[in-house]
2 protein chains.
Amino acid sequence: MYNLTKIEGGVCAAEGFYADGISAGLKAKMAKDMAFVYSDTLCEIASTFTTNKMTAAPIRHFKAKGEFQTNFVLINSKNANAMTGKAGIIDIDEILATLPKEITNPVMSSTGVIGVRLPKEKIIAGAKLFDLKKRDGDAAAAAIMTTDTFSKQIAYRIELDDGSSFHIGAMAKGAGMINPAMATMLCFITTDAKVDKDEMQNILSENVKTTFNAASVDGDTSTNDTVMLLSNAKSGAYHKEAFSEALYEIMRFLAREMVRDGEGATKLVTYEVSGAKNNKEAEIVAKALTNSLLVKTALYGEDPNWGRIASTVGASGAMADEELLSISFEDVCVYDRGELHFDEAMEKQASEIMKLDAFTIYCDLGIADGKFTAFGCDLGYEYVKINADYRT
Amino acid sequence: MYNLTKIEGGVCAAEGFYADGISAGLKAKMAKDMAFVYSDTLCEIASTFTTNKMTAAPIRHFKAKGEFQTNFVLINSKNANAMTGKAGIIDIDEILATLPKEITNPVMSSTGVIGVRLPKEKIIAGAKLFDLKKRDGDAAAAAIMTTDTFSKQIAYRIELDDGSSFHIGAMAKGAGMINPAMATMLCFITTDAKVDKDEMQNILSENVKTTFNAASVDGDTSTNDTVMLLSNAKSGAYHKEAFSEALYEIMRFLAREMVRDGEGATKLVTYEVSGAKNNKEAEIVAKALTNSLLVKTALYGEDPNWGRIASTVGASGAMADEELLSISFEDVCVYDRGELHFDEAMEKQASEIMKLDAFTIYCDLGIADGKFTAFGCDLGYEYVKINADYRT
């Protein structure tokens with residue numbers, strides 16, 4: 001059939017793609033704060049954006065262009081260019097107008113503080129430092145970070161039966177304002193697969209539902225969320241299932257990494273909800289669990305307080321009944337369809353599981369076949385510290 | 001017309017009502033943990049309960065009785081009797097069966113940890129300590145507290161033009177799991193007004209929407225939320241507008257007190273949303289603001305980060321446009337329909353306002369006439385501490 005192999009290189013893993021990160025002085029201490037992704041031929045674009053009605057200028061700028069191909073994405077951190085009105089759009093036009101001639105229909109993407117105009121001169125000066133021949137995926141992934149504590153990238157080589165192969169690589173940033181309906185997350189994916197534009201868009205949109213949109217740090221949806229997939233078709237190779245599977249693996253990996261690196265998070269919790277009336281209700285329950293403050297603080301306290309999970313299921317609005325519900329921490333069933341059998345020994349077992357960096361909470365509603373899996377984290381002092389002090 | 005006067009006495013302010021709080025050894029250090037409210041004649045009951053589908057046993061027990069009058073409510077803290085199945089119902093029956101003969105159709109109400117059977121023997125022994133002749137509203141209000149840091153009660157005498165008068169008194173507890181769709185809040189209201197049962201229910205239900213259901217500490221809806229209004233008609237007096245206004249004042253006061261005393265809260269913030277497409281959309285925006293973690297942590301940090309308010313408005317799902325939106329902290333307009341005029345001087349002014357214990361954030365969407373006011377608080381380290389350690 002086909003074979004997926006994880007490889008190095010991030011967004012530069014696919015043929016013909018280049019990337020780098022530099023410091024334009026937006027972040028303190030000369031940290032990298034501007035990145036580019038460049039392809040030496042034009043790319044088709046698939047994308048999904050935030051559902052927030054206060055859509056940031058770069059996204060409005062992108063959408064206003066209609067159908068187009070590009071070979072260049074410029075990304076800055078530290079300033080979101082959101083709530084900046086028409087001026088924010090003009091700033092983008094002025095910045096992009098200064099880019100070198102080999103760049104066609106450039107796209108801009110921003111993340112950072114809302115409600116402050118872009119430091120245009122710094123960004124224009126920063127872009128002049130770009131070397132389009134550089135293939136430094138690490139530097140690019142570092143430059144797009146905000147409160148992320150580690151950079152996030154991944155790439156696959158996909159080998160087909162006929163000996164041909166293609167690549168998909170990606171980088172992402174996350175950390176805060178991460179929530180099930182697209183969040184302050186940026187994700188850039190590059191591929192040399194010879195994939196049809198519409199098919200690429202469909203596969204991307206489908207995968208977003210079960211990856212980035214199933215991930216929540218704090219339930220806040222940002223103004224800037226962007227997932228962008230660029231394809232330059234250079235490999236000449238394609239296989240729908242292989243492409244789809246590799247893309248899913250990449251997006252799922254990055255979504256989980258974003259949650260694992262959520263602001264102040266100490267653990268990654270997977271919520272596998274089953275037995276709901278339908279998949280939609282399972283999704284409602286799973287996302288409610290990722291967003292409940294009482295569940296998140298119990299996770300931080302490593303307290304197997306399953307009552308809060310039951311209460312959150314009940315409050316979610318989904319059809320539920322305490323006589324049908326069961327809840328497990330990994331293989332320890334702490335509540336079984338009305339049976340209160342949670343004793344000290346079980347509490348100890350469950351507490352041990354909660355000390356892990358990553359574990360799964362299973363929640364079966366016992367009603368029908370609906371299921372959904374969501375990714376969440378705990379909420380501790382560090383989240384408060386980061387977000388009470390973010391601007392100052 | 002009529003005259004409202006605030007008076008002492010809480011739930012004992014109305015004629016014929018008695019209450020007290022005692023220690024049954026449920027809380028540590030002999031703190032009060034059981035309360036009763038007793039009327040020496042039978043009362044009509046109006047009530048609203050949690051929308052959580054994991055409804056606690058006392059609420060299911062109450063609802064199963066259908067139409068009835070009562071003269072006694074027994075309340076315990078420290079254990080919610082939730083997720084306890086049929087056993088939880090039987091426990092209530094067994095406890096209530098031990099009460100003295102002058103008690104008719106007694107009602108039970110519980111708050112505390114979920115998923116643990118009631119300590120039945122302790123509660124039965126505790127109830128034997130009740131003295132039905134006691135009128136100690138303070139003790140009752142203290143006994144129903146969980147993580148509350150102060151007790152909450154209020155009462156009014158309502159004097160009518162014809163020289164007649166009636167009273168309404170109330171106590172409540174709140175602190176955590178407080179959210180716009182009824183939360184772990186208990187509120188007991190007593191009145192000697194000669195009010196029709198159906199009218200009393202309608203006025204109560206109407207007032208809940210703009211008081212308790214407009215208040216949020218953490219967006220989690222509990223299994224036990226209860227608002228109960230008992231009337232024994234002893235005063236023989238009634239006036240619909242006066243009753244309605246006094247009840248609203250009482251419920252609004254208690255709702256705000258609950259938020260002010262929210263777990264770890266340091267400030268009470270009123271969100272006045274106007275200019276929405278309709279009242280429902282204004283409510284969605286106002287409640288989204290009370291529940292946004294990024295807004296709540298910015299409040300805690302006393303950081304006038306209005307971008308997070310704008311982003312939350314945009315993410316709420318309500319119709320909104322950055323060119324029409326304006327945001328003010330009290331009388332300081334920090335963002336005015338697309339105009340970025342937030343400078344250092346204004347930031348200083350807004351920061352000063354945020355240092356207050358209580359203030360209002362105005363959010364005008366500029367679209368139509370929809371409006372709603374919600375009550376929220378900040379989220380700081382103390383919330384995490386309380387909720388990470390609650391059971392242990």
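Glycine too: its Cβ is placed from the backbone N, Cα and C atoms.
Taken from TrEMBL, the feature active site, nucleophile covers B:Thr184. Per TrEMBL, the feature substrate binding site maps to B:Thr146, B:Lys173, B:Thr184, B:Glu263, B:Asn387, B:Thr392.
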Exercise for review: For the recorded positions B:Thr146, B:Thr184, B:Asn387, work out the Cβ neighbour count at 10 Å and name the residue with the minimum.
Suggested key: B:Thr146
Review point. What recorded positions from B:Thr146, B:Lys173, B:Thr184, B:Glu263, B:Asn387 have a chain A Cβ less than 8 Å from their own Cβ?
Key: B:Asn387
Check your understanding: Should B:Asn387 (substrate binding site) be counted as helix, strand, or coil on the basis of DSSP?
Key -> helix
**Study point:** Those residues of the chain, 6+ apart, with a Cβ under 8 Å from that of B:Lys173 (substrate binding site)
**Key:** B:Ser77, B:Thr111, B:Ala141, B:Ile144, B:Met145, B:Thr146, B:Asp148, B:Ser151, B:Lys152, B:Met185, B:Leu186, B:Cys187, B:Met258
Practice item. Can you grab the distance from B:Asn387 (substrate binding site) over to B:Thr184 (active site, nucleophile)? Cα atoms, rounded to a whole Å. Key: 14
Review point. Whole-number Å distance between the CA of the residue listed as 'active site, nucleophile' and the CA of B:Glu263 (substrate binding site)?
Key: 12
Check your understanding: What three-state class does DSSP give B:Lys173 (substrate binding site)?
Key -> strand
